[in-house]
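J.: Got these off Swiss-Prot a minute ago, pasting:
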| type | residues | note |
| --- | --- | --- |
| BINDING | H47, H49, H64, H121 | Cu cation binding site |
| DISULFID | C58-C147 | disulfide bond |
| BINDING | H64, H72, H81, D84 | Zn(2+) binding site |
| COMPBIAS | 125-137 | compositional bias 'Basic and acidic residues' |
| REGION | 125-144 | region 'Disordered' |
| BINDING | R144 | substrate binding site |
Amino acid sequence: MVKAVAVLRGDSKISGTVTFEQADANAPTTVSWNITGHDANAERAFHVHQFGDNTNGCTSAGPHFNPFGKEHGAPEDENRHVGDLGNFKTDAEGNAVGSKQDKLIKLIGAESVLGRTLVIHAGTDDLGRSEHPESKKTGNAGARPACGVIGIAA
């Protein structure tokens with residue numbers, strides 16, 4: 001079992017953690033989140049981005065992690081970036097707790113997300129389904145108010 005965590009920080013009141021657990025190289029990864037301080041009663045995007053570089057805030061993380069050269073999509077789509085995690089829902093206080101399993105997110109192997117950045121976005125991911133020019137690249141998910149590098153956890 002490999003475990004990892006991203007501790008979220010940024011230029012906003014958003015904070016929290018996103019954890020990852022993978023039993024072996026062929027197993028799906030469980031992604032769990034506990035996020036506070038976002039917009040109330042909203043769907044907000046989160047993605048794994050290419051770089052673990054946060055020297056200029058979350059913008060330094062680069063584009064979505066996309067080792068297979070696919071278009072942006074929903075987590076359940078065949079054609080999607082590895083880093084496309086979709087949206088999480090916040091409650092009336094702007095907090096979100098949840099988990100999902102993902103077959104493309106890996107902690108083991110050449111396409112591992114370890115050392116990359118988990119980014120929380122200001123907007124909702126359109127899952128690559130709109131006519132907006134950013135839809136097939138970013139899901140038109142907006143600014144990056146919080147992020148954290150994915151590191152190995154105890």
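Counting starts with 1 at the first residue shown.
Heads up, the Cβ atoms here are built off N, Cα and C, so glycines get one too.
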J.: Other than H64, H72, H81, D84, which residues of the chain come within 8 Å of the Zn(2+) site, judged by Cβ distance to the Cβ centroid of those residues?
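T.: Other same-chain residues near the Zn(2+) site: H47, F65, N66, K70, E71, G73, R80, V82, G83, G128, K137, T138, G139.
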J.: List, by number or range, the same-chain residues at least 6 past the region 'Disordered' (125-144) whose CB is under 8 A from its CB atoms?
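T.: Distal contacts: 10, 43, 45, 47, 57-59, 61, 63-64, 71-74, 77, 80, 84, 86-87, 119.
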J.: For C147 (disulfide bond), find which of the binding-site residues H64, H72, H81, D84, H121 come within 10 Å, Cα to Cα.
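T.: Checking Cα-Cα distances against C147 (disulfide bond), the binding-site residues within 10 Å turn out to be H121.
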J.: State the three-class DSSP label for H47 (Cu cation binding site), counting H, G and I as helix, E and B as strand, and everything else as coil.
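T.: Strand, per DSSP.
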J.: For H121 (Cu cation binding site), write down the residues of its own chain that are at least 6 apart in sequence and whose Cβ falls under 8 Å from its Cβ; none is a fine answer.
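T.: The answer is R44, A45, F46, H47, A141, G142, A143, R144, P145.
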J.: For D84 (Zn(2+) binding site) and H64 (Cu cation binding site), what Cα-Cα distance in Å is obtained after rounding to a whole number?
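T.: Given the Cα positions, D84 (Zn(2+) binding site) is 7 Å from H64 (Cu cation binding site).
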J.: In the structure shown, which of the disulfide-bonded residues C58, C147 has the fewest Cβ neighbours within 10 Å?
T.: C58
J.: Cα of H64 (Cu cation binding site) to Cα of C58 (disulfide bond): how many Å, rounded?
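T.: Cα-Cα distance, H64 (Cu cation binding site) to C58 (disulfide bond): 12 Å.
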J.: Please report the Cα separation of H72 (Zn(2+) binding site) and H49 (Cu cation binding site) in Å, rounded to an integer.
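T.: Rounded to the nearest whole number, the Cα-Cα distance is 12 Å.
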J.: For H81 (Zn(2+) binding site), what is the tally of other C-beta atoms lying within 10 angstroms of its C-beta?
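T.: Other Cβ atoms found within 10 Å: 27.
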J.: What does DSSP say about H121 (Cu cation binding site): helix, strand or coil?
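T.: DSSP assigns H121 (Cu cation binding site) to coil.
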J.: Determine which residues of the same chain, besides H47, H49, H64, H121, have their CB within 8 A of the center of the CB atoms at the recorded Cu cation site, and list them by sequence.
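T.: The answer, listed by sequence position, is A45, F46, V48, A61, P63, F65, G83, D84, L85, V119, T138, A141, R144.
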J.: Provide, as an integer number of angstrom, the distance between the C-alpha atoms of C58 (disulfide bond) and H49 (Cu cation binding site).
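T.: Here the two Cα atoms are 9 Å apart.
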J.: Just the number: how many Å between the Cα atoms of H49 (Cu cation binding site) and H81 (Zn(2+) binding site)?
T.: 10
